[in-house]
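Feature list (source: Swiss-Prot):
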BINDING   187, 279, 346, 365  substrate binding site
ACT_SITE  222  active site
BINDING   264, 265, 266, 267, 268  CoA binding site
ACT_SITE  270  active site
ACT_SITE  321  active site
């Protein structure tokens with residue numbers, strides 16, 4: 001009898017087809033519906049990219065206006081959801097709050113069990129609109145601050161920052177945040193997206209699939225890496241009065257020592273990209289803009305030193321989480337909120353995959369090879 005080939009972690013397995021995004025490891029490129037992600041980040045708003053992922057094409061002016069009006073009118077946090085968040089301890093991880101909030105949003109949605117294309121699109125749009133209120137309120141309550149209501153006169157990114165910090169962000173900060181949302185929006189069959197598709201394949205509802213995806217994203221091998229990057233910076237020590245070169249020298253020495261001790265350093269390497277994450281140059285430009293805006297050269301020094309030491313020792317390049325972590329830190333987000341920010345962006349990709357799965361569904365049920373004891377009698 002021929003032994004089956006086992007693909008641990010489903011490595012190298014093509015599970016299905018998708019028209020949503022294409023990750024090309026050979027050319028280190030990422031396309032959303034055929035468009036290079038770096039071009040979308042340079043020319044589009046996050047709202048336009050969300051529309052693209054869900055509807056296959058970029059919106060025209062009237063389509064964008066209708067979409068923006070819907071998003072802005074569905075931002076407010078329902079009292080039931082706020083109440084559920086308030087029941088959770090501020091000692092729990094924000095990912096637990098995010099998972100719970102999405103579950104409550106699903107339970108309260110009038111079309112919760114309706115998986116028609118129209119209902120799923122409406123639920124996806126509503127979730128995109130409301131989730132920033134969850135993240136912003138959770139950060140504020142952990143600081144002992146009150147909820148800030150959304151503003152319909154601000155776009156998605158500007159409003160997100162307003163609800164979190166209580167002041168209008170500078171245009172360059174809004175743009176950097178917008179870029180990060182676009183870059184995190186979608187990335188093919190990653191662990192959380194595949195989780196969402198598996199759940200959807202059982203004919204479970206959209207919010208159940210997103211809740212499961214959040215559970216997958218909580219793991220440090222998937223979504224927690226941007227938090228881990230900041231923990232590395234904090235372990236090295238962030239000294240605001242330090243020069244770029246001084247910070248680089250310290251961080252490079254830290255990395256050399258960490259690699260000698262065979263420590264796992266997050267923010268480097270990627271399961272798909274072997275020659276560098278295609279999203280990094282665009283996100284690094286956003287980080288550079290934030291370093292200039294806030295006059296924080298020591299952050300660039302820490303970044304450069306770690307990157308150089310890893311390249312020299314292992315020839316491993318950064319992934320998206322590496323520049324994203326310090327970017328969010330400079331904006332003022334608490335480190336533990338970084339992965340919920342990932343959710344805010346990836347809701348678009350997850351729900352696009354959920355709708356694609358529903359449209360051509362087959363229950364995802366792989367086989368396993370048993371390696372336990374042979375059949376035996378109970379004594």
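Numbers run from 1 along the shown chain.
Including glycine, each Cβ sits where the backbone N, Cα and C put it.
Known features from Swiss-Prot, placed on the structure.
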residue : record                 : Cβ neighbours (10 Å)
187     : substrate binding site : 22
222     : active site            : 16
264     : CoA binding site       : 10
265     : CoA binding site       : 19
267     : CoA binding site       : 24
270     : active site            : 22
279     : substrate binding site : 27
321     : active site            : 27
346     : substrate binding site : 25
365     : substrate binding site : 8
Tell me the Cβ neighbour count for residue 266 (CoA binding site), meaning other Cβ atoms within 10 Å of its Cβ, over all protein chains shown. 21
Using only C-alpha positions, which one of 187, 222, 279, 365 is spatially nearest residue 264 (CoA binding site)? These are the recorded positions in the record. 222
Rounded to a whole number of Å, the separation of the Cα atoms of residue 267 (CoA binding site) and residue 187 (substrate binding site) comes to 16
To the nearest whole angstrom, state the Cα distance for the pair residue 265 (CoA binding site) and residue 187 (substrate binding site). 22
Enumerate the residues of the same chain, 264, 265, 266, 267, 268 excluded, that satisfy the criterion Cβ within 8 A of the mean position of the Cβ atoms of the recorded CoA site; list them in sequence order. 225, 228, 229, 232, 269, 322
Are there residues of the same chain, six or more positions away from residue 268 (CoA binding site), whose CB falls under 8 angstroms from its CB, and which are they? 310, 314, 316, 317, 318, 319, 322
For residue 346 (substrate binding site), which of the recorded positions 222, 266, 270 has the nearest Cα in space? 222
